[in-house]
Amino acid sequence: MDLTALLTSQVMGFALVFARLGSVLVFMPGFGEAFIPVRHRLALAVVIAAALYPATPVQAMIFEAPLALLPVLAIEVMIGIWIGLTARILLIAVQFAGYQVGIVAGLSNAFAPSIGSFEGSTLLATSLLLAGVALIFATDLHHLIIAALLMSYDVFAPGVIIPGDMAQQVVRAASQSFYLGIMIAAPFYVMGLVLNVGLGLANRMMPTLPVFFVAAPLLICSGLFVLVLAAPAMLRTWLVEFSTWLGVLSF
């Protein structure tokens, strides 16, 4: 192989790696957040792709013409989007749990800047989302993310796509995310049920009791107190689930 053909094959191989990894990092929690400038995400994708390219099986692929690269490039982009979106669906569980906590604690009208997946996100949902993203880097989970990017070539060979299995995995990811969001917010459902039943009984015994004025501060204070106690376990549960998925890229 002459030098020109070698350089051409290397450039096309790097383009394939960048197509997959760049698509992943657009949506991957911690790397693809909306408040991170696009050019910074692009530069990070180029650096990671250049670092992982020698370890991928893509460099062994040889294309006779640049046009032969296009179908494989499209498949790599689809695989990258699938990996990133599945990870993003799992992150939604944290924001969904925070949204439910805000409703139970009477803080559903305390809005915050929308940086996640819900428009009109509540303050508690945004706080839990930021905490989850921060813990990805605080616990060195971003190293596992980069390892999962390299492992994705064992799960999906370059240029090979399995639409049926990928669609099934997205459905399972949505189901698992919903279940996880409900599970980590469960203490607040119990708290809300106990407090509202208690206030209802108190109102029956004392009809003149201004329940609304008593309930609002009681629910808010109780919700914040339970959140302080439960937040570490909530985020730990999500981190374990997310790291488990990164290890196998399937449910």
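Every residue, even glycine, has its Cβ placed from backbone N, Cα and C.
Among the features that TrEMBL reports, transmembrane segment is placed at 12-30, 42-62, 68-85, 92-112, 118-137, 144-164, 176-199, 211-235.
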The transmembrane segment (92-112) in contact with the transmembrane segment (176-199), cutoff 8 A, at least 3 CB pairs, sep 6+: yes
Contact call for the transmembrane segment (118-137) and the transmembrane segment (176-199): at least 3 Cβ pairs under 8 Å, seq gap 6+: no
The transmembrane segment (176-199) versus listed stretches 12-30, 42-62, 68-85, 144-164, 211-235: most Cβ pairs under 8 Å: 211-235
Within-chain partners of the transmembrane segment (42-62) [C-beta distance under 8 Å, separation at least 6 from its ends]: 9-10, 13-14, 16-18, 21-22, 25, 31, 72, 146, 149-150, 153, 157-159
